[in-house]
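**Student:** Dropping the structure in here first, questions after.
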């Protein structure tokens, strides 16, 4: 890697010597800047020392949302608030909150990008020096910085519950796909934290990448900006789940083969509890089925009025997955109103 960087940057560095200190390396892939050290310093200062990332330890029962009863209570409260709130607000006019909604999506997109960059910084030297199998199956991959990032990502999943709160306040329809996905993802992150699964970074980084794109898209859609790549938001989510399943099934096979069916060919054990492995397989598999089903219903059944309307709506299928657009089929004659053709006189 160093040789490749030198080959392409050598002439430029000779011309501009000041740039030498910003040449990326294996441990600092982002312009030779330690994101982790800067992040640690900033968070410690902002929290006045109450949360110091480099000293963090995940101890079940001593941290917020670190026990099953607290997680179950939080998820149950989420469903109670959104479904109860929907009933209580039936007699009221929909709230707008357009600026707050834009800010919400912008912050989640930016936060996802920051976490993704921090993960990449930790994973790059690990993957290069130890390989993929070590990085997804060895306890050495369960490092202190990685656990800190896992926990922060886990807490963000509960912050993302506010996605649905906005839908309720704006009188949007709550779909099973949207509400199930939020609750199940929070539970999934909890099971992997207590299960010490080194493979956790695979679905988490893919999910963060999808969320950078998704929340940025929702931010643009809320501002009335149309983009050509809206269909790719849902495609990326489906690709994410396919990759997740491939890695998770591999890890589960290694665990089963090493602990139960020892005569089967395998590379070795994959660190993590059996409960965490089964939870990961079940939840991620269900995501793939639901998203593929929705995608086929909208994009492949082109002769249905629903698919035509959703694709033409501001926000498209990606927004419809989370119900950020309303589609009233009873009041729509065509997928998208077109101006009446004007007769032109031939000359």
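Including glycine, each Cβ sits where the backbone N, Cα and C put it.
Pulled the feature table from TrEMBL, pasting it below:
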type: TRANSMEM; residues: 63-82; note: transmembrane segment
type: TRANSMEM; residues: 103-120; note: transmembrane segment
type: TRANSMEM; residues: 132-153; note: transmembrane segment
type: TRANSMEM; residues: 174-193; note: transmembrane segment
type: TRANSMEM; residues: 199-220; note: transmembrane segment
type: TRANSMEM; residues: 232-251; note: transmembrane segment
type: TRANSMEM; residues: 271-298; note: transmembrane segment
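Mind running through what each feature is packed against?
**Tutor:** Sequence-distant contacts of the transmembrane segment (63-82) (same chain, at least 6 residues past either end, Cβ-Cβ under 8 Å): 151, 154-155, 158, 161, 164-165, 167-168, 174, 179, 182-183, 186-187, 190, 193-194.
Sequence-distant contacts of the transmembrane segment (132-153) (same chain, at least 6 residues past either end, Cβ-Cβ under 8 Å): 36, 53-54, 56-58, 63, 115, 118-119, 122-123, 126, 189, 192-193, 196, 198-202, 204, 208, 247, 250-251, 254, 267-271.
Among residues of the same chain six or more beyond the transmembrane segment (232-251), those with a C-beta under 8 A of the stretch's C-beta atoms are 136-137, 197, 199, 202-203, 206-207, 209-210, 213-214, 217, 270, 272, 277, 280-281, 284-285, 287-288, 291-292, 294-295, 317-318, 321.
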**Student:** With a Cβ cut-off under 8 Å, give me the same-chain residues at least six positions beyond the ends of the transmembrane segment (271-298) that come close to it.
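**Tutor:** The answer is 137-139, 141-142, 176-177, 180-181, 184-185, 187-188, 191-192, 194-199, 203, 234-235, 237-238, 241-242, 244-245, 248-249, 251-252, 255, 259, 304, 306-307, 310-311, 317, 320-321.
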